[in-house]
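Lifted from TrEMBL, the feature list:
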- ASP114, ASP116, ASP168: Mg(2+) 2 binding site (BINDING)
- 507-517: compositional bias 'Polar residues' (COMPBIAS)
- 539-558: compositional bias 'Polar residues' (COMPBIAS)
- 559-599: compositional bias 'Low complexity' (COMPBIAS)
- 22-215: domain 'Poly(A) polymerase nucleotidyltransferase' (DOMAIN)
- 220-364: domain 'Poly(A) polymerase central' (DOMAIN)
- 367-429: domain 'Poly(A) polymerase RNA-binding' (DOMAIN)
- 503-599: region 'Disordered' (REGION)
Amino acid sequence: MWSTSTNAQNKENDSNKTATLGMTSAISTAFPKPVDIAKTLELTEALKPFDLFETEQELNHRLVILGKLYSLVKQWIKDTSIAKNIPESVAENVGGKIYTFGSYRLGVHNKGADIDALCVAPRHIFREDFFSSFYELLKQQEEVTDLRSVEEAFVPVMKMNFDGIEIDMLFARLDLKEIPDTMDLQDDLLLKKLDQKCVRSLNGCRVTDEILRLVPNIENFRLTLRAIKFWAKRHGIYSNVLGYLGGVSWAMLVARTCQLYPNAAPATLVHKFFLVFSQWKWPQPVLLKQPSSVNLGFTVWDPRVNVQDRYHLMPIITPAYPQQNSTFNVSASTRSIMVEEFKSGLQTTEEIMISKEPWEKLFEPPQFFLKYRHFIVLLVSANTAEDHLEWYGLVESKVRLLIGNLERNQYITLAHINPESFSVLESQKESNQHCVMWFIGLEFAKSEHLNIDLTYDIQTFIETVNKHALNINMFKEGMKLEARSVRRRQLVQYLSPSLIKRERKSSLTNKSGSNNGESKKRPSDQGTQEGENKKTRLSSEINSTYDDSSNTSGTLQCNDDSNSNISLNDIVNPTENISSTPPSHATTTAQSTQEAVCT
């Protein structure tokens, strides 16, 4: 928490050192005024109702769990060493350690959040041991449930629920005989002779620790990051896999803001965050420090050398060797969406800082389903919960390919994937079926009588997902991926009435607020009684909110595409109910894509 004692400490720091944190000198080294401290306290109070802060008891529970996990790792490494003919007296001292990274290590995890952990072992312990004998050891623990390993992943991981806390555990083997308890992973030479998977596994811890080293005030950084992460989640732009930013990317943007305003209070930092990144000249990279000159043979992000790096749209570069772009999934659409959110956040925080709005205004979610007239709905279904979890994860990792296909269509100006997945309505769910949906909002170029055929774009995506599932032997009977195109008025078939009602209410509240103080009136309103017309207008807006038959795109802030069509050859009924029997996988892509578009 920001405090005056921290302020006093900061004042004692060398001003020259403070001014040169990061790649450039600070924009301002001004210390907070009383109003900034008051706004910071207001921000903290505004975040409390959302359960973002854990109690002391909950924090201690996490420490107990990590202690138990550490004991298991030490015992496993000792037993495995003895099994490999290492004398017991030596095996007792070869060590092994658990490190944490991500939001927990940064100190910004929410209630119930998972823990990212890394198991580091000496050179005679291999990844195969971790995913075999350690996996079996965990299976024997009463506290461990939902244990699963993903050994072939880009970063191999073991997932589990340990006494109520989700843990994602990585493994790295160092080229050392022993792993002392005091081991610091920041030494670049530790990466010598390691394979790529070990380097990637170590990178999470190395990057997290480096971020904490590079911010001028850790407590200010933490509160600011909590607010920004929560804002990003509420506004649907928090998902690395879907092409937005993940936790480490948001942490680096906040850290850069802290470097530019090293003495500012968190409330000011939140405002400056939006000021800086609403004006950032992408694809200019965000860097927290000068890239390391170490060369151990690993590929680093460098557009001067690597041609593919020149095409990254929103590069945010990790500060630890080997430097990587943490946002390579970002597309033209997702960048456009995030930049607009930065601009909107700047406008909101400017009003907050002059007390025209409360902090709660910043965390109000946008009306995604009111913004667009046309949507693609992706339905991911499987017969069992276990199969669905696997299938869901695979499809989620490929959705950005569909966004890329859609972006290349000359008539589509924006493809907006909502990171939140929705359950199928109970009334339309098939028996014994597990199914969720993603929604992609489409924005078209303005054109009269536009006719668009998305058959190829969607068919290519479904073929890619199905082929990948078959190649990795994950495909099981009952796994289905469908794509349907619907208009806004048809959303009532897919979404709960409460969600639709909530968006309507929020939209009407925002419109009412934006009209306060305005003297302009429509000609039809002049000379009428204000009270009666308010009722009439509100009633009309509620009835028309989810009816796109009229040309009202201006009030919905989307392109005028009421004359646009998305078509297919041999098109199916676009209003086909979601509970209809989906196409079988014997005719996967052709039939699936025929449900993917509407007229």
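In case you wondered, yes, glycine gets a Cβ from its N, Cα and C as well.
Counting only residues at least six positions away in the same chain, the Cβ atoms of THR100, PHE101, GLY102, SER103, TYR104, ARG105, ASP168, LEU170, GLY204 sit under 8 Å from the Cβ of ASP116 (Mg(2+) 2 binding site). Predicted-model confidence for the domain 'Poly(A) polymerase central' (220-364) is 97, expressed as mean pLDDT.
Residue counts for the domain 'Poly(A) polymerase RNA-binding' (367-429) under DSSP, split into helix (H, G, I), strand (E, B) and coil, are 30 helix, 17 strand, 16 coil. Within 8 A of the CB centroid of the Mg(2+) 2 site residues ASP114, ASP116, ASP168, the other residues of that chain are GLY102, TYR104, ILE115, ALA117, LYS159, GLU166, ILE167, MET169.
Within 10 Å of the C-beta atom of ASP114 (Mg(2+) 2 binding site) sit 17 other C-beta atoms, taking all shown protein chains into account. Residue counts for the domain 'Poly(A) polymerase central' (220-364) under DSSP, split into helix (H, G, I), strand (E, B) and coil, are 74 helix, 6 strand, 65 coil.
Around ASP168 (Mg(2+) 2 binding site), taking its Cβ as the centre, 18 other Cβ atoms fall within 10 Å, counting all chains.
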